[in-house]
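Engineer: Can you keep this structure in mind? I'll have questions shortly.
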Amino acid sequence: MGFVEGGGDKGGCFIGGMKSLVRRKQVDSANSKSSSAAGSSHQLAKALTIPHLITIGVGSTIGAGVYILVGTVAREHSGPALTISFLIAGIAAALSAFCYAELASRCPSAGSAYHYSYICVGEGVAWLIGWALVLEYTIGGSAVARGISPNLAMLFGSPDSLPFFLARYTIPGLNLTVDPCAAILVFLVTGLLCVGIKESAVVQGFVTSVNVCVMAFVIVAGGYLGYKAGWPGYELPVGYFPYGVNGMLAGASTVFFAYIGFDSVASTAEEVKNPQRDLPMGIGFALSICCSLYMLVSAVIVGLVPYYAMDPDTPISSAFASHGINWAAYVITIGACTSLCSTLMGSIMPQPRILMAMARDGLLPPFFSDVNKRTQVPVKGTVATGLLAGTLAFFMNVEQLSGMVSVGTLLAFTMVAISVLILRYVPPDEVPLPSSLQEAIDSVSLRRSGCSSSSDIDVENTKIPTVTSGDSTPLLGEISSGHPLVEKAASRLSYLVRQRRKVAGWTIMFTCIGVCIVTSTASIVSLPNPARYALSGIGGFLLLSGLIVLTCIDQDDGRHSFGHTGGFICPFVPLLPIACILINVYLLINLGGATWARVSAWLVIGACIYALYGRTHSSLNSAVYVPATHVDEIYQASAHSLTC
């Protein structure tokens, strides 16, 4: 029946090492969780509901950047069309949100994109995604913390008004500016996250509510001022698109990063009471609220002041000051401080859960997988995360490293979209089971082999299968034989149907290659025109061909039983995931060479750690791979043998 050992790697041979990169783990189902319950100390608390998830998503997404981003993007790219830029960026972010929603409801375990990549793509890619996410949340949390102290100081009147033990100061001779306030805030947030996930979500909900109230003040008060003044920002001779449609699209690509953060909701999947219902709704509502607030704030601010006269550093406060409302600067500063604090919590919260998921799989030391008995959170991993982020926030000015945050997020978005395509067209047909179930596996193997030998199937006399789109709508009816050309076409069609999984797998790979070629040629301005046109044609052909093939062939029936059922189903597959991949890869390529050089160094370090530790300690080394259709039967046989 094809049961094979998943370990391999004996003697450290090259083939075994390559196989370890593509081996995939099983979805954490009720059977697998119950079988591993005895070996795990404690589980995460099932405490989160839809309101908690919305506050986590909104709090992690709406940072203080919106209070600055409005002025910069309006002046340099969009002009009065900034609202449309936010709308387009929100739609682009929604493509990733749809993919996250399906995978989060089907695979509701800690780890987010790392977990999905491990199940759908393989161990090597999953490790790199998890390692990139560790970098994202560490640098992101440190950068956010460094931005809080200047805003706090402004509340007291000047940048130097903080108490001496909180104020920034430069160490003589080292040219090093330390920030005690940033480190203290990181440690406070770390302590709060150790108390419990529900308590953390309640506090984040309060802080996020204050930020939303400030944005509501900007919308209502600014709308009133704009109505009284006649909206001077829109009465311009250059029109609504001073930089053209290209400028508006460039603004959309810039403000897209204002939507980064909703993936924090997926990282808490294991702590959600009803993940099949609550996770998709939490992600969807959070993204909708953020997009609405962004659009309303931008529409008001660009209407109060002409885009060319906006202050790029304090656009909202200066817009109110131009209408005589100077005290609004204090309200805006409060909103900036609360948004930064909420984003700080959203940056630190996911990382311990990703570390925990990687440690559970054996790719990291078991230290990170411990869950506290009383608080039911990974306290050790949270403390380690807080210490690292707090140290970086104290010693380093990490603003120059902030681009690395975007790399981790965009890599995760891209891999989640690819995982949706794999789930639909080539879901794993073999899954790993622990070697402790070997007796049950052998009994099911004997039973299955006996059944198959007694009922052989005559393949030659089988009818040519019908090619369908979806589950029931036929594209081609039953093909009648008679004419030689018809019989030849029918035989070719029959072969393609039988090889559907291989065709789908190769098509997904070539589609991704086409995306990389198209986005690269569109981004490299130094490329000669003949080479650009040739490469664009090749990439476009691969991309369009892949889209057409995946649209025409049937999706795999195994998708119905993949993971947990009854959750959200991503619409418009394969168009939506492919569009998501195209957008994210384009943004990745345009992040700049310096950013990619830093990220590459980090990924090389991660690859070395995986080669020296993760690959040899992976829980899949001793796993036994069995057909996915036999898993339930094996667990039932194991349970029966235990009761006898």
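Note that Cβ sites are derived from N, Cα and C of the backbone, with glycine treated the same way.
Please treat TrEMBL annotations as automatic predictions, because they have not gone through curation.
Just lifted these from TrEMBL, have a look:
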- 50-70: transmembrane segment (TRANSMEM)
- 82-103: transmembrane segment (TRANSMEM)
- 115-139: transmembrane segment (TRANSMEM)
- 177-197: transmembrane segment (TRANSMEM)
- 209-227: transmembrane segment (TRANSMEM)
- 239-262: transmembrane segment (TRANSMEM)
- 283-307: transmembrane segment (TRANSMEM)
- 377-398: transmembrane segment (TRANSMEM)
- 404-426: transmembrane segment (TRANSMEM)
- 503-527: transmembrane segment (TRANSMEM)
- 533-553: transmembrane segment (TRANSMEM)
- 565-589: transmembrane segment (TRANSMEM)
- 568-618: domain 'Cationic amino acid transporter C-terminal' (DOMAIN)
Engineer: Look over the recorded stretches 50-70, 177-197, 209-227, 404-426 and say which has the most C-beta pairs under 8 A to the transmembrane segment (283-307).
Structural biologist: 50-70
Engineer: Are there three or more C-beta pairs under 8 angstroms joining the transmembrane segment (209-227) and the transmembrane segment (82-103), sequence spacing 6 or more?
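Structural biologist: No; fewer than 3 Cβ pairs under 8 Å.
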Engineer: Go ahead and report the DSSP secondary structure tallies for the domain 'Cationic amino acid transporter C-terminal' (568-618): helix first, then strand, then coil.
Structural biologist: 40 helix, 0 strand, 11 coil
Engineer: Would the transmembrane segment (50-70) and the transmembrane segment (404-426) count as touching if the test is at least 3 Cβ pairs under 8 Å, pairs 6 or more apart?
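Structural biologist: No, the transmembrane segment (50-70) and the transmembrane segment (404-426) are not in contact.
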Engineer: Should anything in the same chain at least six residues away from the transmembrane segment (115-139) have a Cβ under 8 Å from its Cβ atoms, list it; otherwise answer none.
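Structural biologist: Non-local partners: 20-27, 103, 107, 109, 347-348, 350-351, 354-355, 357-358, 361, 363, 385, 388-389, 392, 398, 401-402, 404-405, 407-409, 411-412, 415-416, 418-419, 422-423, 427-428, 563, 599, 602-603, 606-607, 609-610, 614-615, 618, 620.
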Engineer: Six or more residues beyond either end and a Cβ under 8 Å away: which residues meet both conditions relative to the transmembrane segment (177-197)?
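Structural biologist: Beyond its ends, the transmembrane segment (177-197) has Cβ neighbours at 44-45, 47-48, 141-142, 145-146, 148-149, 152, 162, 165-171, 203, 268, 271, 341, 344-345, 348-349, 352, 372, 375-377, 379, 382-383, 385-387, 389-391, 393-395, 397.
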